[in-house]
Amino acid sequence: MSHGPTRKHTALPKAQILIEALPWLTRHNGKTVVVKFGGNAMIDEELKAAFAQDIVFLHHAGLKPVVVHGGGPQISAALDRHGIVSEFKAGLRVTTEDAMDVVRMVLAGQVQRELVGLLNQHGPLAVGLTGEDAHTITATKHQPEIDGELVDIGRVGEITEIDTGAIEALLADGRIPVVSSIARSQDDGHVYNVNADTAAAALAAALGAETLMVLTDVEGLYEDWPDSDEVISRLTASELEKLLPELASGMVPKMEGCLHAVRNGVTTARVIDGRVQHSILLEIFTDEGIGTMVVPDEEEGDAV
């Protein structure tokens, strides 16, 4: 009997932490959240395991997580192993037919499989698919303009259409969809590599998601990089649009994705530091958000 009060006392802080999450649990219950998995979190074993725990936690907390992933580091390593030299133009990987075979193999056969495996350590939850499956992502050949001229960068696609049917069926069945950023073209039947940040944003908008969350290797969007490491914690779509021309090239597709999402019905888009374990939970279930949140212009002050 003498241990009773002590036990009660030591358990109280845990109860307090759980109760603090209640307003967020209420707010996000039943809502869809699209999470773009990328950066250092993809190659660090502890971060990968923590990411899987976070996604499963969201699922069991009543949210509907959808994971979208790329595989930059793994693709580069596999291309090196196959003796295929990676070339970049306008920040986009030039994807030859040979390279596309490797990209597809790595994304659908390695990165996706590993992620599905990590999630399924917690139960029969995750199902992997690519944008090719059930016409989830349709694309056309992307030809960027450099110095006024269209440049051929091979099998790189621009998203033209999203079909959410397969993902919605999986969510309705209580599963966690894990989507590889590969798409097929209806024009030429070819398979294309699409930017995973762009794919995540397009899926978030098409699904009517509450939140788009993009994991990065930085703390968020910096106020005045490189002169300052002050992170902008919140900004509107219009404010972000003004900043886009000044951003480092690696951040452009991420922030353009956030802009597209909030301008197409997504309540908030967040760029968070994927190097911090459980950063997803910190961002969703506390008021101490650790990244940059983008909100629609008309809802400034209302979005949370």
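Including glycine, each Cβ sits where the backbone N, Cα and C put it.
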Response to the item:
Among Asn29, Asn193, the candidate listed by Swiss-Prot alongside Gly71, Gly72, Arg93 for substrate is Asn193
Worksheet item: Least buried of the binding-site residues Gly71, Gly72, going by other Cβ atoms within 10 Å?
Response: Gly72
Worksheet entry | Sparsest Cβ surroundings (other CB atoms within 10 Å) among the recorded positions Lys36, Arg93, Lys254 | Arg93
Discussion item. Taking 8 Å from the centroid of the Cβ atoms of Gly71, Gly72, Arg93, Asn193 as the cut-off, which other residues in that chain fall inside it around the substrate site?
Written reply: Gly70, Ile75, Ser76, Thr95, Val103, Leu107, Ala196
Worksheet entry | Maximum Cα-Cα separation (Å), residues Gly71, Gly72, Arg93, Asn193 listed as binding substrate | 12
Item to complete: Give the sequence-ordered list of residues that share a chain with Asn193 (substrate binding site), lie 6 or more positions from it, and have CB atoms under 8 Å from its CB.
Response: Arg93, Thr95, Met100, Val103, Arg104, Arg155, Val156, Gly157, Ser181, Ile182
Worksheet item: Gly71 (substrate binding site) to Lys36 (site 'Transition state stabilizer'): how many Å between their Cα atoms?
Response: 11
